[in-house]
Amino acid sequence: MLDTKYLRNELEFTKERLAARGFALDIDHLKALEEKRKSLQVATEELQASRNAISKSIGQAKSRGEDVAPIMAQVGNLGTELEAKKIELAALLEEINAIAMSVPNLPDESVPVGKDESENVEIRRWGEPRSFDFAVKDHVDLGETLGGLDFKSAVKITGSRFIVMKGQIARMHRALAQFMLDLHTIEHGYTEAYVPLLVNTDSLLGTGQLPKFSEDLFNLKPATEEGQALSLIPTAEVPVTNLVRDTILDEADLPIKITAHTACFRSEAGSYGKDTRGLIRQHQFDKVEMVQIVKPENSMDALEQMVGHAENVLKKLGLPYRTVVLCTGDMGFGAAKTYDIEVWLPAQNTYREISSCSNVKDFQARRMQARYRSKEDNKPALVHTLNGSGLAVGRTLVAILENYQNADGTVTVPEALRPYMGGIEQLG
């Protein structure tokens, strides 16, 4: 959620920055609402002052033996009018807040301007894609040959875009998550968290999934015994970031760095016909998430650090990748700046996204009222939040199967994973 000063006092600047990401801000409507708000605010305050002043005169009139009935009637009328104005003002503020909740974050000035993913900017590559002297198989063929990817059973049990993993491939999937968690906690300084896979509406509002992305969620019915509606998490970013909702932290507590391995659930609304084969786009998938809570002046450095942490996973696994900075037109709703890391997939002969790391600045913190108390002035100020995939486990499995495949259909286990696989050097 943007600072309301941008929607009140800096409308032209805000409109220009949002236009760069393809969002049209109706500033005429906002100006009209703001004028109405000011008018109602003044009217409410004047009515309150008049009512208070006249109420005080009742006692004086009584002491003089005067009939106070007319004054009482006047106070009653003012009270009725005041209540009506308060209701009108509350409804207007709710309308303004709803608009504010639907406005995306302002892109950082360092973000390249562009209309869509074709204008994202590659900033570096690592590793050389392997040259094969045999026909390359995709992960679906490899997984089915190895007896480890069972799409038919998943369709029977649940439906499309789900998977049953078995044997060595299931073990590698588990090993990858453990490897990533160990790397982030031991080498990168994160604290591991185990979090709920179900979250309430306040949590989804806090991180920006609601109200805009309600169609992407799997919602549970009926509500809980507390009467709360719950949804399956689309990413661990939601429960982990909400750990600091409605909290005032000490400056000494920052930065907070948390990692969590969870299943994630997405309806993939709008993705009909995309990546229908294999593990690339599933309704349920595992991901190791990284979240940082930092002071505002440190958030851009923290973003670069987080990208490096995600890249380090791929380096240790020996998987070629490239890193791109997203242009204004391709960024997510809450992001001020985003880097995507794309891993090389030989069967597709291209790079595919395996991690997205974003600096959200104070966009989520304002929604969540996540603050810290500065040592300098002891006043609460909004933190900055960052999130990133470290990595998507299923897509990492896909990359290993395809990049480490052999001519006989076996798959070499990357050296970094072997301690997590009981020393196994090869699948198949």
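The backbone N, Cα and C atoms fix where each Cβ goes, glycine too.
Since we're looking at a predicted model, the values are computed, not measured.
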Swiss-Prot L-serine site partner of Thr235, Ala236, Glu237, Glu289, selected from Ser110, Ser118, Ser131, Ser389: Ser389
List of residues, in chain order, with Cβ under 8 A from that of Glu268 (ATP binding site) and at least 6 apart: Arg161, Asp216, Lys274, Arg281, His283
Chain-internal residues, separated by at least six, CB under 8 A from Arg266 (ATP binding site): Asp216, Leu217, Phe218, Pro234, His283
Cα-to-Cα gap, Glu289 (L-serine binding site) vs Ser356 (ATP binding site), nearest whole Å: 10
Where Glu237 (L-serine binding site) falls in three-state DSSP terms: helix
Candidates Thr235, Ala236, Glu237, Ser389 (binding-site residues) - the one closest to Glu353 (ATP binding site) by CA: Ser389
